[in-house]
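Colleague: Sharing the record's features from TrEMBL:
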TRANSMEM  6-27  transmembrane segment
TRANSMEM  63-86  transmembrane segment
DOMAIN    93-217  domain 'Phosphatidic acid phosphatase type 2/haloperoxidase'
TRANSMEM  146-162  transmembrane segment
TRANSMEM  174-193  transmembrane segment
TRANSMEM  199-219  transmembrane segment
TRANSMEM  226-248  transmembrane segment
Amino acid sequence: MESIALWQGLTVCGIVTWIVISSCLNVSQKLRTLVRPWVSHHVITGTPIILQIQKYQHGFLDALFSGLSCVVSVPFYTAFLPLLFWSGHGKLARQMTLLMAVCDYSGNCIKDVISAPRPSCPPVRRITATKDEKENALEYGLPSSHILNTICLSGYLLRYVLCYTQNEDASLKFAGFAIVCLIVCLTGLGRIYLGMHSVIDVIAGLAIGFSILTFWLSVHDYVDSFIVSGQNVTTFWAVLSLLLLFAYPTPELPTPSFEFHTAFDGVAFGIVAGVQQTYHQFHHEAVPRIFTPQLTVPAFLGRMLVGIPTILMVKYCSKALAKWILPVVSNTLGIPIKSTSYIPMLNGSVTGKQSEEIKQSGYINKLFFFSSQDSFDVDTGIRFLQYSGLAWSVVDLVPSLFSYMRL
């Protein structure tokens with residue numbers, strides 16, 4: 001117990017120390033000044049390669065690569081992971097969720113630290129066929145998140161399948177590896193063809209993706225053991241999630257990257273909290289799995305019909321509840337807040353009576369001395385709680401409904 005509390009305390013202290021040091025020394029700006037000119041040079045010099053690839057423009061290729069970018073995107077994995085939980089493969093689902101959170105945080109941090117441009121359009125032709133792609137185009141370029149996520153998640157999924165089936169056939173392993181390589185290559189080619197990334201972005205995504213996957217494969221068993229049977233799991237993860245929000249670097253210009261991280265940070269916390277509470281009821285290794293007599297395909301379809309509307313309803317209710325509670329709590333504690341989109345009344349700086357109240361109880365705000373913000377965007381907290389509630393319902397509320405309905 002003492003050793004657990006010790007490493008948790010050291011982890012929290014380490015992150016807080018990094019936040020203070022990086023803020024005081026302006027580490028993000030210094031790294032940006034050092035690295036961005038080199039990256040920008042390679043983005044510019046790589047433009048002829050993009051134009052050469054785009055000479056083969058065809059409607060079929062537009063549809064193929066646009067569709068592939070949706071299949072390997074964060075929204076797709078967010079929709080896919082609940083089905084994985086409900087299929088009985090709980091360990092795979094929670095490990096892929098946490099790996100996705102690591103990929104999302106790492107990739108977006110690097111994007112916003114470097115703040116490197118995407119290929120210039122024109123002359124490059126940029127295809128954004130979906131709303132998700134249009135939002136992605138507002139982010140910085142290096143590294144390619146699609147490549148990074150694809151390497152990590154497809155690689156981890158392949159390892160799980162080979163271990164789960166315990167198949168030692170070399171030809172099957174080679175076929176699985178070849179399929180993963182094909183998907184990664186097509187994804188990289190597609191990001192260049194669509195004009196979303198330069199070659200240097202794809203190369204960086206490959207390198208960072210391999211590094212994260214290698215690291216995760218060495219620690220995933222320890223992480224999973226801590227989640228299902230550790231001490232102070234929910235409290236520690238809540239503190240960790242909060243600190244990661246403050247530790248996120250400030251980009252040169254605002255981008256959607258921080259919003260994406262906040263959402264998946266909430267997902268990771270909701271999954272960890274829910275699994276830790278209900279592991280022995282719904283997520284242990286002996287639960288029924290799909291394609292077995294205990295969980296047939298019709299029963300799984302029934303789970304989908306019940307589960308998907310439920311989690312969407314919880315997401316809506318969590319957002320509404322957070323929009324009501326967070327401003328009240330913030331005003332009570334004297335924390336200055338604003339809202340960029342969720343609450344129109346909180347559209348900027350704080351004035352009048354509210355400002356006087358903040359001066360009187362401003363010591364609360366001084367606790368966040370490591371932040372340079374004059375006020376905090378309440379949308380971040382709303383988004384975090386919204387997706388935490390969504391994730392919690394996936395692993396706790398919905399499985400309880402399945403048990404009650406005998407699905």
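Every residue, even glycine, has its Cβ placed from backbone N, Cα and C.
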Colleague: Quick one: find which recorded stretch in 6-27, 63-86, 174-193, 199-219, 226-248 has the most Cβ pairs under 8 Å with the transmembrane segment (146-162).
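Modeller: It is 199-219 that shares the most Cβ pairs under 8 Å with the transmembrane segment (146-162).
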Colleague: Out of 6-27, 63-86, 174-193, 226-248, which stretch touches the transmembrane segment (199-219) the most, going by CB pairs under 8 Å?
Modeller: 174-193
Colleague: State the non-local partners of the transmembrane segment (226-248) in its own chain: residues 6+ outside its ends, Cβ under 8 Å from one of its Cβ atoms.
Modeller: 1, 4-5, 8, 11-12, 15-16, 18-19, 22, 94, 105, 108-109, 112, 258, 261-262, 265-266, 268-269, 272-273, 275-277, 279, 283, 368, 370-371, 380, 384
Colleague: Considering every residue in the domain 'Phosphatidic acid phosphatase type 2/haloperoxidase' (93-217), what is the mean pLDDT value?
Modeller: 87
